[in-house]
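Annotation comment: Swiss-Prot describes 1-86, 151-156, 208-215, 268-349, 463-486, 532-575 as topological domain 'Cytoplasmic'. Among the features that Swiss-Prot reports, transmembrane segment is placed at 87-107, 130-150, 157-177, 187-207, 216-236, 247-267, 350-370, 377-397, 401-421, 442-462, 487-507, 511-531, with the record citing sequence analysis. The topological domain 'Lumenal' annotation in Swiss-Prot covers 108-129, 178-186, 237-246, 371-376, 422-441. As annotated by Swiss-Prot, N-linked glycosylation site applies to 432, with the evidence given as sequence analysis.
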């Protein structure tokens with residue numbers, strides 16, 4: 001389907017009188033069932049209120065480089081419409097992959113404490129624990145690299161199904177493990193599934209979400225990650241004293257994976273991917289469900305804008321297209337800045353050390369002297385869950401940038417306090433900690449970790465997963481694949497080095513190191529991270545064309561809030 005900008009501009013320049021607006025719709029080059037019903041050359045009559053939304057909404061769009069005569073200028077009309085509750089149900093259904101992600105990262109913490117001699121007849125060493133945790137990260141790294149290409153080739157829904165199947169297989173391998181390397185293979189396999197899911201689900205949600213709630217929809221995915229971690233710690237606690245209970249811990253990951261496979265039947269495909277695959281009728285139907293009160297013209301306008309955004313700029317063989325896609329990502333300034341932002345945020349998230357706490361919190365609290373380290377770890381997971389809900393409520397109010405810059409300082413302060421507390425914990429002549437949970441410094445360690453996790457969950461735990469919004473459709477699969485690979489590479493490094501760092505440079509040095517890395521990340525965000533709140537995916541590319549757009553994004557956010565305040569005042573006066 002091909003529609004010229006000239007045809008579109010004829011619509012925007014049409015006049016209107018009294019209560020109606022006459023608009024010539026677009027004539028399609030190809031005749032399809034969709035085009036004959038949506039873009040057939042007919043005259044439509046739109047109510048004045050629809051026209052008002054089209055013109056006023058377009059003129060109020062804050063990007064000063066976009067005029068009413070351009071297609072992008074009309075995008076705001078449908079985005080201003082009420083969103084169907086179906087979108088929220090869809091987000092929770094798709095986000096079950098996040099629950100799997102969280103369950104897998106959380107459950108291993110308790111399992112490592114109780115595996116005992118089940119793997120080969122001898123106790124796990126620190127090296128064995130690091131191998132088990134890092135195998136998942138290595139599998140996820142490789143899965144994340146290929147997930148983007150799989151998503152572009154097969155579609156978003158089939159790849160979610162592939163991830164669920166791989167997780168089920170990995171769970172079975174772990175349950176049947178009787179040797180260390182058998183367990184490592186199972187962790188590696190499940191890592192593939194988790195890595196694929198960690199890319200495809202935020203990508204899917206960002207493509208289907210209206211711009212005004214895109215941040216919150218992606219946070220639902222992160223919220224379900226944290227819910228999975230809470231469930232994992234609860235399962236760990238329940239099976240801690242059961243013979244071979246760790247097999248139940250790792251095996252129960254099959255349940256949500258199987259459930260997600262089942263509900264995929266009712267999930268729609270991404271409208272942007274449907275348009276790219278020339279399945280425009282399905283895309284129209286999906287958008288109509290997302291915006292149930294929107295006028296058909298507004299949905300057609302949205303479809304036109306999506307079509308312009310997903311138009312394949314590359315020609316040639318598949319290999320030539322792959323090469324051109326790499327060049328477009330790395331040599332197009334806008335796309336390369338998007339890649340820097342996405343990879344930088346993912347690296348910042350992992351190098352903050354959070355996942356070392358998820359993987360080894362039970363081990364840490366056992367070292368500190370808590371009598372029930374797994375139950376204590378549940379407090380950490382619950383904190384993560386609660387403050388992810390807080391982030392859900394405030395991300396689109398405060399904006400992404402302010403939220404990130406403020407919460408990272410909470411992480412830094414908590415890590416410094418934790419480092420100091422470890423320094424003052426009593427030790428024996430061999431350097432082993434001898435305090436119990438009644439020791440004041442042990443309590444300080446716990447409180448500082450709670451503050452650290454609360455700060456992380458409110459900002460850095462969520463924002464990197466908004467990465468899909470940074471990339472245009474032409475490089476989205478590759479760009480999100482690269483940034484997700486950075487996430488899992490950092491995760492691999494953290495998981496493989498944490499216990500070694502605790503031994504070699506002491507817990508004080510380890511947590512101080514994480515605090516220093518957080519500060520470096522904060523500096524990078526201060527100078528390079530724009531606030532993308534209320535930008536459509538198509539507009540973000542324009543913002544990044546000539547720089548990182550930090551100042552322009554802040555002006556944009558200020559204008560949007562001012563416009564919303566005026567809109568509320570107008571409604572109050574009209575009432």
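Every residue gets a Cβ built from N, Cα and C, even glycine.
The stretches the transmembrane segment (187-207) and the transmembrane segment (401-421) are not in mutual contact, being linked by fewer than three Cβ pairs under 8 Å (pairs 6 or more apart in sequence). 487-507 is the stretch from 87-107, 157-177, 216-236, 377-397, 487-507 with the greatest number of Cβ pairs below 8 Å to the transmembrane segment (350-370).
When Cβ-Cβ distances under 8 Å to the transmembrane segment (377-397) are tallied for each of 216-236, 442-462, 487-507, the top count falls to 216-236. Per-residue pLDDT, averaged across the topological domain 'Cytoplasmic' (268-349), gives 83. Across the range of the topological domain 'Cytoplasmic' (268-349), the DSSP-based residue counts are 63 helix, 0 strand, 19 coil. The stretches the transmembrane segment (216-236) and the transmembrane segment (130-150) are not in mutual contact, being linked by fewer than three Cβ pairs under 8 Å (pairs 6 or more apart in sequence).
Stretch with the most C-beta contacts under 8 angstroms to the transmembrane segment (247-267), considering only 130-150, 157-177, 401-421, 511-531: 157-177. Only residues 6 or more beyond the boundaries of the transmembrane segment (157-177), in the same chain, are considered here, and those with a CB under 8 A from a CB of the stretch are 94, 97, 100, 104, 119, 143, 147, 150-151, 183, 185-194, 196-197, 200-201, 204, 247, 250-254, 257-258, 260-261, 264, 267, 269.
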